[in-house]
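The following features are taken from TrEMBL:
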type	residues	note
DOMAIN	B:65-276	domain 'ABC transmembrane type-1'
TRANSMEM	B:12-35	transmembrane segment
TRANSMEM	B:69-89	transmembrane segment
TRANSMEM	B:101-122	transmembrane segment
TRANSMEM	B:159-182	transmembrane segment
TRANSMEM	B:207-224	transmembrane segment
TRANSMEM	B:258-279	transmembrane segment
Amino acid sequence: MATIKLQGIAHSYNDKSAGIIKPADYAVNSLNQCWQDGGAYALLGPSGCGKTTLLNIISGLIKPTEGRILFDDVDVTDLIPEQRNIAQVFQFPVVYDTMTVAENLAFPLRNRGMAAAEIESRVKTVLSMLGLDSRADSRARSLNADDKQKISLGRGLVRTDVKAILFDEPLTVIDPHLKWQLRTELKKIHQQFKHTMIYVTHDQTEALTFADKVIVMHEGSIVQIGTPQQLFEQPGHTFVGKFIGSPGMNVLPCQIEGSEVLIGGIRINLQRTINNTGEKFEIGVRPEHIQLSAETGMSVEVVAIEDVGRHVILRARLEGIEINIIVSEGVAIPESPKVIFDIDKINLYANDYRVADNN
Amino acid sequence: MKVQNNKAWFMVLPVLVLVAISAIIPLMTVVNYSVQDTFGNNEFFWVGMEWFQEILASERFHNALMRTLLFSGLILAIEIPLGIAVALAMPRRGIGVSVCLVLMALPLLIPWNVVGTIWQVFGRVDIGLLGHTLASLGIDYNYTQDTLDAWLTLIAMDVWHWTSLVVLLCYSGLAAIPEVYYQAARIDGASRWAIFRYIQLPKIKRVLVIALLLRFMDSFMIYTEPFVVTGGGPGNATTFLSIDLVQMAIGQFDLGPAAAMSLIYFLIILLVSWVFYTVMTIDDNEEQSASAKGRS
């Protein structure tokens, strides 16, 4: 196990020798990030934001165009995957068709020339860990997708001193009712063995339930690193606010006047001093943090009401900007509703990045 | 009772008629000849299984059959591994792919008798590039007189002509393997051989079965090329079943024995192909029955 450090990592799939790479050509760009030993991380972001590229850079499948990567302060940038001793579980389960389940698990150890007796004992341990004991001698290809995915994981777990286990959207092909179960098992394995785990996903539920720390990526850059709670309450970037939450955060363009923000004709006193730097200001407020009232507050025009079961989503227009409001079930929606933002839950953004509270 | 809708038979009728004309009727004619004898004048006598017994007991047939089996065995032993090796060595992307594919396809596009003629001329000691070069190197090469030289020439010709087919089939199989398998293998630290043995070979197995079957059937039936190059000689050294059959049917006009031999020939190909296919797909059937069991 190891602490993994990225130093100025950037990668472009365009050949560097072909000329100068434009910033837009980078799949990931100038990443500096430290993954603590034993941490459970989730890399969250929409498709095409560079998550998989970053994962492949860590495992060594891709050599980054720029930057260095260190395991426990040892530079491994030029090492091949085998030497880095990283385990990786892919989106689609990879099993070696002609081998049995046990042979599949033994494969990475055999390749490393481990003694047969030790291979056998390690394989046995991993088989029981994954609950595959009874299938040990079955042909691997006769298994279901979720068992196959367990084998992919097992080939990582079986190795001694694996530096980290990387998951690349491992639950994509798993039946929904098994996803939850497999995720719980992953969590259990993590607590038991304390491997450093990095889990790539575009599903926020998966990321938030799996990880201690979530790294949100957007267009090749990391926009925020934080606990699930931080991502929810203090999104570092308007993208994070919109991406996390269902529905996402309401982002409203505004102007700054002293400690007040102006949204169209409405003034809200944020009750804190604001550093008035930057050109573009916005406030972000979660649909959960908007109260509905019949008497006081800002008037909104109702656009639609969606009942999603646990609660009702009220889609309304405030000063011409569409916002979502979550209304608890059973709460009546007034004829001409007014809304109040929870002042302490409002985040202020300058040029899309969150302005830190300084009170 | 369930009402049967037989309209579908009308749909397949045209095909049945075509197949009847092109295959079944000629085949039945051969069956008809194989159980009768004739002395001309369109007079036929029933002889039953006599021709079959005669053919199966004849040394001439045994020798031709052994020669054909040996030829098929040799070219399979060369073309299949060579085809896989070439397919593995071919580039995966870029302009090289098209260049390789076009070059590979060229021999396949040449008519068989032209292939024969090319090699007949190529191997001639007096004017042929190959024959002359070998002769000037002091190697005693003459495919019209030496049995070994004749065989080597025919095998070289078939390898030149048909290895491309194996290459193209294997290449398509290799191209269909998802990149993620190679990535997983790199993570697992698999050697080049392990990648071939546990990823590439199992994944191209299906196309390999097709390649093997096609090459077996084709080589077992080979006629045109050896007929042009060696004409079955020297002596009877390269008289394969097909050449022997034509000599018997058209050269000697022994219609009955020739018909019997045709049927035996046909059944051998059918049998061997069936055995190949069954053996090579045993795993798939196992898997299917296993997953069927799992579902029930």
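Placed from the backbone N, Cα and C atoms, the Cβ positions cover glycine too.
Fair warning: this is a prediction, and the values are worked out from it, not measured in the lab.
Between the transmembrane segment (B:258-279) and the transmembrane segment (B:12-35), the number of CB pairs under 8 angstroms, six or more residues apart, is three or more, so the stretches are in contact.
Within the same chain, residues 86, 128-131, 153, 156-157, 160-162, 164-165, 167-168, 171, 224-229 sit at least 6 positions outside the transmembrane segment (B:101-122) and bring their C-beta atoms closer than 8 Å to a C-beta of that stretch.
Note on the transmembrane segment (B:159-182): residues 75, 78-80, 82-84, 86-88, 90, 92, 101, 104-108, 110, 115, 119, 195, 199-200, 203-204, 206-208, 210-211, 214-215, 218-219, 225 of its chain, located 6 or more positions outside it, place their CB under 8 angstroms from a CB of the stretch.
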